[in-house]
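The structure under discussion appears below in the form of structure tokens.
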Amino acid sequence: VLSPADKTNVKASWEKIGGHGAAYGAEALERMFLSFPTTKTYFPHFDLSHGSAQVQGHGKKVADALANAAAHVDDLPGALSALSDLHAHKLRVDPVNFKLLSHCLLVTLAAHHPAEFTPAVHASLDKFLASVSTVLTSKYR
């Protein structure tokens, strides 16, 4: 459960990300594909090379979804309902992959914003991404 301080940290972090969201999303995806090669199986039609337009485009989708979630942190199920349906029923993504991408997002954010990535912010973002993952996998049952 996100505390009021967590929600403040999440919103402040997403404001600092600003126009870099798409680039950070793509970088996190690249990290995930390199660190956890089995995740590539969900993207057989993608050019997974560094800087590919498809990875950049999907990175933007990830970043936009997370920005929307951060803006609606008090109603994550409502904000992510369509994505939850898509990932559970059409794409059938293994839920563990959300944890892997979350980890790669945290690493990416820490690399780009080391001064702002305090232990408290890290914990808040980790809880936020875990909450997003929980919502995205809630319709698997």
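Note: Cβ is positioned from N, Cα and C throughout, glycine not excepted.
The annotation domain 'Globin' is assigned in Swiss-Prot to 1-141 on the grounds of sequence analysis.
Annotation note: Thr8 (phosphothreonine) sits in a helical segment as assigned by DSSP. Look at Swiss-Prot and you will find Thr8 (among others) tagged as phosphothreonine.
Residues or ranges marked as N6-succinyllysine by Swiss-Prot: Lys11 (among others).
In this structure, Lys16 (N6-succinyllysine) is part of a helix by DSSP. Every protein chain considered, the tally of other Cβ atoms within 10 Å of the Cβ of Lys16 (N6-succinyllysine) stands at 13. Per Swiss-Prot, N6-succinyllysine is recorded for Lys16 (among others).
The feature phosphotyrosine is assigned by Swiss-Prot to Tyr24, with similarity to another entry given as support. Under DSSP, Tyr24 (phosphotyrosine) is assigned to a helix (H, G or I) in the three-state scheme. Cβ neighbour count for Tyr24 (phosphotyrosine) (all protein chains, 10 Å cutoff from its Cβ): 21.
For Ser35 (phosphoserine), the same-chain residues 6+ apart in sequence whose C-beta sits under 8 angstroms from its C-beta are Leu100, Cys104. In the three-state DSSP classification, Ser35 (phosphoserine) falls within a helix. Swiss-Prot lists Ser35 (among others) with the feature phosphoserine.
Sequence annotations record features per position, and here Swiss-Prot assigns N6-succinyllysine to Lys40 (among others) based on similarity to another entry. In the three-state DSSP reading, Lys40 (N6-succinyllysine) counts as helix.
Counted within 10 Å of its Cβ, the other Cβ atoms near Ser49 (phosphoserine) come to 10, all protein chains included. According to Swiss-Prot, the phosphoserine annotation covers Ser49 (among others), on the basis of similarity to another entry.
Taken from Swiss-Prot, the feature O2 binding site applies to His58, supported by sequence analysis. Around the Cβ of His58 (O2 binding site), a 10 Å sphere holds 17 further Cβ atoms from the protein chains shown.
In three-state terms derived from DSSP, His87 (heme b binding site) belongs to a helical segment. According to Swiss-Prot, the feature heme b binding site maps to His87, an assignment based on sequence analysis.
With a cut-off of 8 Å between CB atoms and residues at least 6 apart in sequence, the same chain places Tyr24, Glu27, Ala28, Arg31 near Thr108 (phosphothreonine), listed in sequence order. As annotated by Swiss-Prot, phosphothreonine applies to Thr108 (among others).
Ser124 (phosphoserine) carries a helical DSSP state (H, G or I). Annotated phosphoserine per Swiss-Prot: Ser124 (among others), in sequence order.
What Swiss-Prot records for Ser131 (among others) is phosphoserine. Residues within less than 8 Å, Cβ to Cβ, of Ser131 (phosphoserine) and separated from it by at least 6 positions along the same chain comprise Leu2, Leu76.
Shown in sequence order, Ser84, His87, Ala88, Pro95, Phe98 are the residues of the chain, 6+ apart in sequence, with a C-beta less than 8 angstroms from the C-beta of Thr137 (phosphothreonine). The phosphothreonine annotation in Swiss-Prot covers Thr137 (among others) and rests on similarity to another entry.
Sequence annotations record features per position, and here Swiss-Prot assigns phosphoserine to Ser138 (among others) based on similarity to another entry. Less than 8 angstroms from the CB of Ser138 (phosphoserine) sit Pro77, Ser84, each of them six or more residues away in the same chain. In three-state terms derived from DSSP, Ser138 (phosphoserine) belongs to a helical segment.
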Rounded to the nearest Å - Cα separation of Lys16 (N6-succinyllysine) and Ser124 (phosphoserine): 15
Modified residues compared (Thr8, Ser124) - the one with the fewest other Cβ atoms within 10 Å: Thr8
Greatest C-beta neighbour count within 10 angstroms, which of the recorded positions Lys11, Lys40, His87: His87
Using Cα positions only, nearest of the recorded positions to Thr8 (phosphothreonine) (Lys40, Ser49, His58): His58
Residue from Lys11, Ser49, Ser124 whose C-alpha is spatially nearest that of Lys40 (N6-succinyllysine), among the modified residues: Ser49
